[in-house]
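Visitor: Take a look at this one; I'll ask things after.
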Amino acid sequence: SALARLLGHSPRVWIPDADEVWQSAEITKSYPIGDRVLYLRLEDGTELNYPVDPSALPPLRNPDILVGENDLTALSYLHEPAVLHNIKVRFVESKLIYTYSGIILVAMNPYKQLPIYGDAIIHAYSGQNMGDMDPHIFAVAEEAYKQMARNNKNQSIIVSGESGAGKTVSARYAMRYFATVSKSSSNAHVEDKVLASNPITEAVGNAKTTRNDNSSRFGKYTEISFDRRHQIIGANMRTYLLEKSRVVFQSENERNYHIFYQLCASALKPEFKHLKLGSAEEFNYTRMGGNTVIEGVNDRADMIETQKTFTLLGLKEDFQMDVFRILAAVLHLGNVEIKAVSDERSSVDNKHLSIFCELLDLDSDKVAQWLCHRKIITTSETVVKPMTKLQALNARDALAKKIYSHLFDFIVERINKALQFSGKQYTFIGVLDIYGFETFDVNSFEQFCINYANEKLQQQFNLHVFKLEQEEYMKEDIPWTLIDFYDNQPVIDLIEAKMGILELLDEECLLPQGTDENWLQKLYNNYIHKNPLFEKPRMSNTSFTIQHFADKVEYKSEGFLEKNRDTVYEVLIEILRSSKCRLCANFFQDSPVPISPFSSSIKVKPAKNVIKPPNKQFRTTVGNKFRSSLYLLMETLNATTPHYVRCIKPNDAKLPFEFDSKRVVQQLRACGVLETIRISAQSYPSRWTYLEFFSRYSILMTQPELSLHDKKQICKNVLQRLIQDPNQYQFGRTKIFFRAGQVAYLEKLRSDKLRQACIVLQKNVRAWLQRKKFLHIREAVITIQQYFRGQRTVRQVITATALKQAWAAIIIQKYSRGYLVRRLCQLIRVAAVTIQAFTRGFLARKKYRKMLEEHKAVILQKYARAWLARRRFQNIRRFVLNIQLSYRVQRLQKKLEDQSKENHVLLEKLTSLASSHANDHVTIQRLELELEKLASQKKTSEEKGKKHKEDYEQKFSNLEKQNKALQEQKGLLEKKLEEKTEEMKGTMNRYSAVLHSCMGGVRKNFQNQKQDYEREIESLKREIKILREEKIQLQHQVEEELLVQDGLKMEVAELTKQTKVISELQKEIELLQTQKVDMEKQVQYQNLGKIWFLPPYTICDVLPSRLTTEDLENLNEDGELWFAYEGLKKATRVLESHFQSQRENYETEIEALNFKIEHLSQEINHLQKLFREENDINDSIRLQVTRLTSQNLMIPDFKQQISELQKQKMDLENCLQEQTAKMEGKVQNWDAVLQTFIAKHNDLEEELDKKDRLIKKLQDQIKTLTKTIEKANEVPSLPKEYLVILQYKKEDEAKIVQNLILDLKPRGVVVNMIPGLPAHILFMCLRYADYMNDDGMLKSLMNMTINGIKQVIKEHAEDFEMLSFWLSNTYHFLNCLKQYSGEEEFMKHNTLQQNKNCLKHFDLSEYRQILSDLAIRIYHRFIIIMENNIQPMIVPGMLEYESLQGISGLKPTGFRKRSSSIDDTDAYTMTSVLQQLSYFYSTMSQNGLDSELLKQAVKQLFFLIGAVTLNSLFLRKDMCSCRKGMQIRCNISYLEEWLKEKNLQNSAAKETLEPLSQAAWLLQVKKITEEDDKEICERCTSLSAVQIVKILNSYTPIDDFEKRVTPSFVRKVQAMLNNREDVPQLMLDTKYLFQVTFPFTLSPHALEMIQIPSSFRLGFLTRM
């Protein structure tokens, strides 16, 4: 009944169809409940009376707005036709191959390469929730990886489907996703090895079938192991049920395994010549299918790729060649010809057999014998029995299958060894690539095992879906009701339970005479009419049918026993075991090494006790092994969280994007998708969060309901009002659950409400247009009527008499009006003449006063211009004096340099004196042999002593002169300073007195000012004269002081500033004077006003003097004189009001003058402060001069000490002469006297050394004194004499780097100091190394600086502010090295002072290159940090956040919910993006980053914003709507406004958003006609053809009023875009970086003015 009621609301249903399975039809008449006929109209227009059963009505069709959803569970009506139609629309129209069905990902094989698997797509899905993006295999992989990382629980991805559905490719992409997002930091490249295992396993385990060119002929479960950091550390592989029969047999149009054809294609290579291979057509095992080549596949290139992957996995060439030898041996074994000798005997052709034996090192005779004979062992004897040709062929093929099977297992084992890891596995993700349910025309043992495995997987899947559904209900606090679901346990019991099909098959295999017929008869006896799932076909006695969960399958019993036994004659095994080929011999050992570590990890209990083998020849059957491995697989899957991927084959012809509904429905039924839908549909299939429901259906809410603040309560109230039956929905904690069809009903209500609103809008708009049109017509009609009626009345009324009367009346009116006008004109003329007389008199008087004022102004201008000329002359004279002074300073500096040179000469002479003393010492030692030489040396020493004495005397005299000159200069300085200070104080006192008197005068009453203005003007003139004289005196004093002492230049500069202030004061005084003149004018105007405002009777007195009484009587005949008099009174009132307003303006100007006077008084106080500071400076200079004079007083003491020392030296020399004279007289007593003399002489030498030391100390003190005196003389000019050099010691380099780079906190630097300060300080230190010409010091400093910056960047690699700070400083440092390099290209814009600071001795171009590379490295890291910070905000802010009113278009999202909260307050918005951009911009600006670099960084950020948003748009079909295009355009405008606000319009950032802007435009534009597709092709130039087609295919209407883009329109656009030569790439590369350039810019800061803050702790650096 519920469905019948819904039929009234929904006009469309689904009915069965023979070709398309289901067909859509529209109900043409309302359906009464209980009726057995539906009146339908098909899509082709045909009418149909469709018979129905009232208890089983046809399924309803979903509204178009819900068609094409990402998740099938989001559909309102959940049934088979809705699922099939949704998948078809997505696949055929939108070209989307992935769709969610609850927890399942349905993957359609497109049979075409699609650009949706690149690294950009992987990065786009990485970190995203599963419901946020379009369905994709990467989304499933990301969900598994995220759950593993979050819950530390193992995961599994189960990929199933038919052959050719794309299972292998899907599994490969899932593994590639894990390898990309979880790359390990080690150099082992484990991810590459994991991916490399795929080509090898595909080469040896995949083959071409009629359904698939690369069909996996085995099942594979790959465990990818992860460590605690969730990085890949290894992998392991488990295989199931290799199709061994394919080695010896292939059907038509099929091939053997790929590896055989790869070997044959490479047969001519030198390394493969010993295998004696040829083309694939030469071998029986590779030519059975007829076609040995696959279109588009190059087997030779694939062989190279296989060898590369072998090598990558660490499998050496020797191992590879052993594998290839065995494969070649299998091919040659297939070419061994067996001939029938008789009916029971056969023989072997030895040609290929010998090659086979040669390759495997076997005895060819034994192999030839036992291929045609068999050994039968009985209890009494062993019998050798010959075999027929057929038996021998079967034995040959069985041997080939056995060899290949062992080789396959061995290769898998070696791959697992290569992927083993030493550490401990923390978690793993398993990828199961296993065959789906199969049913063919002929089904054998392989299909039976495959379908058995699918039954087990389907059972596990049903239980998992049921469990998830139960968890969802419990989480939302909704009462749980048991749901019936299909349980396939009976089928599984039929196959694997005790006395099941597999056990009966194993029992039959144990019997020596067991046959397929006997086994089939046992099945008939046990199950026919006893088990409803087992049937016997009517027309066959060799088959049986099993009812699987997907379909009934008929199995042929022929070959079941042989395939289950998988036996090879023991004699042949013994021969192979004795092979000299170690690899082949190891295959057939009694106790082989276990292939996989899984075999011993979990114990599996079989369904029944296994019968022990009666002899060694018994081997475990294939079915038993498969069942055991399947149990192990199910235990592994049950211990993990499964994720399901169901691959669907859309057609059997392998045509791209062709949809065969029959084949798809068959697979959907088989893979469990419809079972999931059925379980969901039994309860509450549609689920909406409260926020989604509120956003979607707020249009159905009333105003009182919307006034509530609790959105959850609003939703409850609305539903209770709209849906009367409370059983149709349930309220959960975060979601609302709806039964089937309720969402469709709500959509109908919503569309009806919107339709009504549209009708109202259309009605009013159309009414307005019609009314506008009506009013326009009405106006035109009235105009026409007016002219028509006027014309008619003229014709009726006008006659000859009427015309004459009218003409006469006009003439009378003319004359009467003329008379009146003339009389009025005469009256006005008299009044005007009177007014003119008075006004001309007023103007004459005004002109006279103006002439007087101009005469006075000319006089004032004359004096002012004279004063300006004098000031200009004084400035020129001052400039000339400055030049003269600088020239004199240079001359004095040259004199000082000469004096220093003379001091150096004195020092050299002193050193020579010391050497002479040493010579004396040597001569005394040699007195015994050379007495005569002693006398000559004595003379020379005397001469030298005299010379030294003269030099000392000259030096002392020079010093005394210098001291006297210094004392005289000091006295002059003190006198000048005292005079200057006294004079400045006097002038300031005069200024203050004058200004105070001015202020007092201005504050007096207005009437008193009239009388005092002239006096004040005269006093101001006198004061101006006094100020000029004082100014001239000050200039003379300044000039004299400049001539006296060069050090007072700074004070003179201050005084000149003060004189400028005085000139400003003079200007203010002149302004006051002009204001006084204006005030006088005001007074005169007021006097004139008194004259003008005469009483009324005065005019009457004036008029009779000019007019006679008769004239007066004529004028006043009609009272016109009185009217003139009244007009004059009005004029006087107007003039009074005008003068009153002028008086108010003058009063406001007086108040402004008072305010200016107060301002002048404040300026005077400021000047007084400046004079006090000047006095303080003068006092400090006096203190310094007194200190120098005190030091100068010490010089005479030093001179006395030097003279005493010289006297002592003379005495010593005299004593030496006396001693030598005595020695000449006493030669006979030489020995004794010589000893005493030597002793005394030694004492004298010691005393001489002491005196010499004293002399040196005194000379050093004199030097220091002279230096301090020179410094004292140069104190005022120190700042100009600084070199741009910071002196440091070599051992301080580490401290410089530590304090200036490693320990520096950028926040304090950028706030309080100039940007790039550390860079400038480093350059000034670098200049010291260049100044000293010390190569080692310069290299050491540069290397330590670069290493220090690298260390800071490494330690603060995630600190944006630190990276910004050091990017700016590295850039400034690089610019300093360029600007001061001395190269012409960088020097041409420098000032003269900057050119003086250039490097002199070293070329640092190599270091500039290193710094440039370092800056690029910092910039890239800096960009990465910004991108990492802003990237999480881009998609929520640019794409998801909805700021525009009324454009919200949320739709149901099905099982995968994007958000479960009612109000996501923590979500990012567009404001968050703009705030983050502003933070980046302000930080970069504060750190002084160059504007060009800042623009490049902003451009990179805007490119990222555009690329990430556009990529997300490509991968989110739900966002491709017209309304979302409006929102994106709005957000782009916000970004453009931000650029404009920051003045970054020319940064080319806006251009990077062009693709996104065009995509938004494409979503909004009309997409119907040919003009539309042309406009799209013309406008969307920044989008590639792939991107345009993707947006058009993904376009999703939000409302019923929007139309989908038709496939024909998309094809037209695609055809027009084929001519474009662009890259067929869907995603933009978000990792792309624009090339960064570092433009050279001059430093705006003068190096000589830079001060080092104390917080830098660089006190050990000194300026030079």
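Glycine too: its Cβ is placed from the backbone N, Cα and C atoms.
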Visitor: Can you identify, from 446-468, 630-652, 1642-1664, the stretch that TrEMBL calls region 'Actin-binding'?
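Guide: Going through 446-468, 630-652, 1642-1664 one by one, TrEMBL flags 630-652 as region 'Actin-binding'.
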Visitor: Judged by the number of other CB atoms within 10 angstroms, which among Gly161, Gly164, Gly166 is the least packed of the binding-site residues?
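Guide: Ranked by other Cβ atoms within 10 Å, the binding-site residues Gly161, Gly164, Gly166 bottom out at Gly164.
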Visitor: Please list, in sequence order, every residue of the chain apart from Gly161, Glu162, Ser163, Gly164, Ala165, Gly166, Lys167, Thr168 whose Cβ lies within 8 Å of the Cβ centroid of the ATP site.
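Guide: The surrounding set, listed in chain order, is Asn109, Arg211, Asn212, Ser215, Ser216, Gly436, Cys647, Lys649.
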Visitor: Could you give the number of helix, strand and coil residues in the region 'Actin-binding' (630-652) as assigned by DSSP?
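Guide: Going by DSSP assignments, the region 'Actin-binding' (630-652) contains 9 helix, 8 strand, 6 coil.
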Visitor: Could you tell me what the rest of the chain brings near the region 'Actin-binding' (630-652), counting residues at least six beyond its ends with Cβ under 8 Å?
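Guide: Residues packing against the region 'Actin-binding' (630-652) from afar: 87, 91, 101, 103-111, 137, 140, 143-144, 147, 151, 153-162, 164-167, 170, 174, 211, 221, 238, 240, 430, 432, 436, 452-453, 456-457, 460-461, 464, 598, 602, 604-605, 658-660, 663-664, 667-668, 671-673.
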Visitor: If you count, for each of the binding-site residues Ser163, Thr168, the other Cβ atoms lying within 10 Å of its Cβ, which residue has the minimum?
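Guide: Counting other Cβ atoms within 10 Å of each of the binding-site residues Ser163, Thr168 gives the minimum at Ser163.
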Visitor: If one looks at the chain holding Ala165 (ATP binding site), which residues at least 6 apart in sequence have a CB under 8 angstroms from its CB?
Guide: Ala107, Asn109, Asn212, Gly436, Cys647, Ile648, Lys649, Gln667
Visitor: Suppose we draw a 10 Å sphere around the Cβ of Lys167 (ATP binding site). How many other Cβ atoms does it contain, all chains included?
Guide: 28
Visitor: For Glu162 (ATP binding site), list the number of other Cβ atoms lying within 10 Å of its Cβ atom.
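Guide: Summing over all protein chains shown, Glu162 (ATP binding site) has 25 other Cβ atoms within 10 Å.
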Visitor: Please give the average pLDDT for the domain 'Dilute' (1343-1619) in this predicted model.
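Guide: Looking only at the domain 'Dilute' (1343-1619), pLDDT averages out to 83.
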